[in-house]
């Protein structure tokens, strides 16, 4: 999650040139009775921080493990196999339950996106990770079926790390595409696909890989080749399953002409706190930026789902930039200027926000809902946290800041 939008900004200059010729804003994928039509509207939420840990979503787990635990790799290495398995099993069994899926459905969602790491299905020698996640993913599929929700299974971490972020399992240098890491990723993906794609009444899509970081050094040509391999795996197992492809921090239009008409959906992510310009905006600026992004993705020749976004406009949340890393907003990160004061907003509830903060958050969320439904919808990041109000859909819904019903608008026509 770190630097997501700022890295997108790095490539903005060349994204506007050399693009494919103009195409309709929506192209058709074949509709099938047993699956979801991704030419329609996805309304859903990510189950983040559950089967792949992130320090800012569950800071207590990482804080209790000591300073060295900054991602799932170092957490499990610090705790050791036995203690790590005990800690994670307790987390997996309590953080998300069937009741969460019922709440998500009752709020009007039709999808959940569930991140999973390669280590859950394909352990490699000399790695500290523990497994056991698949039992809970199995439960989640059953819970989704009972709740009437569709599932996107998201391969969130690859061997070597595809982005260098803690949400890949291991932060630091990007080593994916080195050695055997791509073939190892394909093997892990195939294991997931063989286990879950036959349940096509619920698992209607699977994501090839979350946020491969092209600006950070991932080869675009190599990524396209990997995507071709993944599509072949899916078609061999279940030709009716749609494949989500990350834009790799490029524009969705830069992927025009690639696998168009092959039941693929572009996944793009939009955050406004990981970029020095965006974090400086007032609420009017944030609304305009979200609306502009919605117009930008309309140029894709494939369905586009904004697969991650939030109601946050600062990086004040504890550990958001990484455990022990400071904030841009307060001018403490990478020689930033100061844009404001985090005050008591590093952790807490939506109920703790001021009236103005709740109003601004609601306005920003509504703008994004309208913008992203101009194409093919959205998946909010994330359902639940230990106290990150701009990111916690469950808490936002409970406090009337996330629209309920989803079409309710206190600030209509912001993107008109």
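Note that Cβ sites are derived from N, Cα and C of the backbone, with glycine treated the same way.
Quantities reported herein were computed from a predicted structural model and do not represent experimental measurements.
For 211, the entry in Swiss-Prot reads active site, proton donor, with the evidence type similarity to another entry. Residues or ranges marked as active site, nucleophile in Swiss-Prot: 308. According to Swiss-Prot, the disulfide bond annotation covers 291-415, 316-342. Residues or ranges marked as N-linked glycosylation site by Swiss-Prot: 344. Look at Swiss-Prot and you will find 1-22 tagged as signal peptide.
Sequence features annotated in Swiss-Prot and their locations in the structure.
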residue: 291; record: disulfide bond; contacts (Cβ under 8 Å, 6+ apart): 367, 370, 371, 414, 415
residue: 316; record: disulfide bond; contacts (Cβ under 8 Å, 6+ apart): 327, 329, 330, 342, 345, 346
residue: 344; record: N-linked glycosylation site; contacts (Cβ under 8 Å, 6+ apart): 352
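Looking only at other Cβ atoms within 10 Å, the busiest spot among the active-site residues 211, 308 turns out to be 211. Residue 308 (active site, nucleophile) falls within a strand when secondary structure is assigned with DSSP. Residue 308 (active site, nucleophile) and residue 211 (active site, proton donor) are 10 Å apart (CA-CA, integer value). In terms of local Cβ density within 10 Å, 415 ranks first among the disulfide-bonded residues 342, 415. DSSP assigns residue 291 (disulfide bond) to a helix.
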